Amino acid sequence: MKHHSLIFLTGFSGSGKSTIGPLLANSLGYGFIDLDQEIESKAGKSITKIFAEEGEQTFRNLELETLRQLTGKKELVVSLGGGVLENNDCYRLIRENGTLVYLKSSPRSLARRLCNKTDRPLLKGEHGTRLSREEIELKISTILEKREPRYATADLSVQTDIKRIGSTVEELTRTIIRFVRQAEQARLKQQSDNNREKQ
């Protein structure tokens, strides 16, 4: 389908962005880009290395620059990094240029999905020690509470806790198509109303 162009997927690490994103893009006939992978490709190193060698500010600058380039594209699903909405400039770009979709999961589900991963800084304590599932869940709850005000502004929100990935993608595809059609109808109506006022 050819319609309204740029879809940003947000949500906590483990919410299903990198799994659902390509499937959703395929279902819509769009391209797919993972923002973090795009940044790593540009920098020629992993995000962990960027943070360690050049600091967070360098990473945030790369994040914003990469996002700016993507906002000029159409028919694209973009999976966002977990904290990208906390960057005010990135947040503004996203809200002005596309549809924001929040993939929502409970701290318990997220902790269960993430506890076997070994490469996530989130899973480590102050001195690099591995956290228990309960500690991870508590840490996730704290971060989610901080991010929730931005997540709450998403155009669409989909629960990814217990559903099969396939049914989530189907539901999301239908919802996005409906949302885009309604947005286009509202835009055309506004345009028509404006034209009438000018006459």
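Glycine residues also receive a Cβ, built from the backbone N, Cα and C atoms like all the rest.
Small disclaimer: the values here were computed from a predicted structure and weren't measured.
The Cβ neighbour count for Ser18 (ATP binding site), using a 10 Å radius and every protein chain shown, is 15. Residues or ranges marked as ATP binding site in Swiss-Prot: Gly14, Ser15, Gly16, Lys17, Ser18, Thr19, Arg120.
Feature annotation from Swiss-Prot assigns Mg(2+) binding site to Ser18. Under the DSSP three-state reduction, Ser18 (ATP binding site) is assigned to helix.
Sequence annotations record features per position, and here Swiss-Prot assigns substrate binding site to Asp36, Arg60, Gly82, Arg147 based on sequence analysis. If you draw a 10 Å sphere around the CB of Asp36 (substrate binding site), it holds 20 other CB atoms from the protein chains shown.
A separation of roughly 20 Å, to the nearest angstrom, links the Cα atoms of Ser18 (ATP binding site) and Arg60 (substrate binding site). Scoring each of the binding-site residues (Lys17, Arg60, Arg147) by how many neighbouring Cβ atoms lie within 10 Å, the top position goes to Lys17. Thr19 (ATP binding site): 16 other CB atoms within 10 A of its CB, across all protein chains. Rounded to a whole value, the Cα-Cα separation of Thr19 (ATP binding site) and Gly82 (substrate binding site) is 15 Å. Same-chain residues at least 6 positions away in sequence with a Cβ under 8 Å from that of Gly82 (substrate binding site) are, in sequence order, Gly11, Phe12, Ser13, Arg147.
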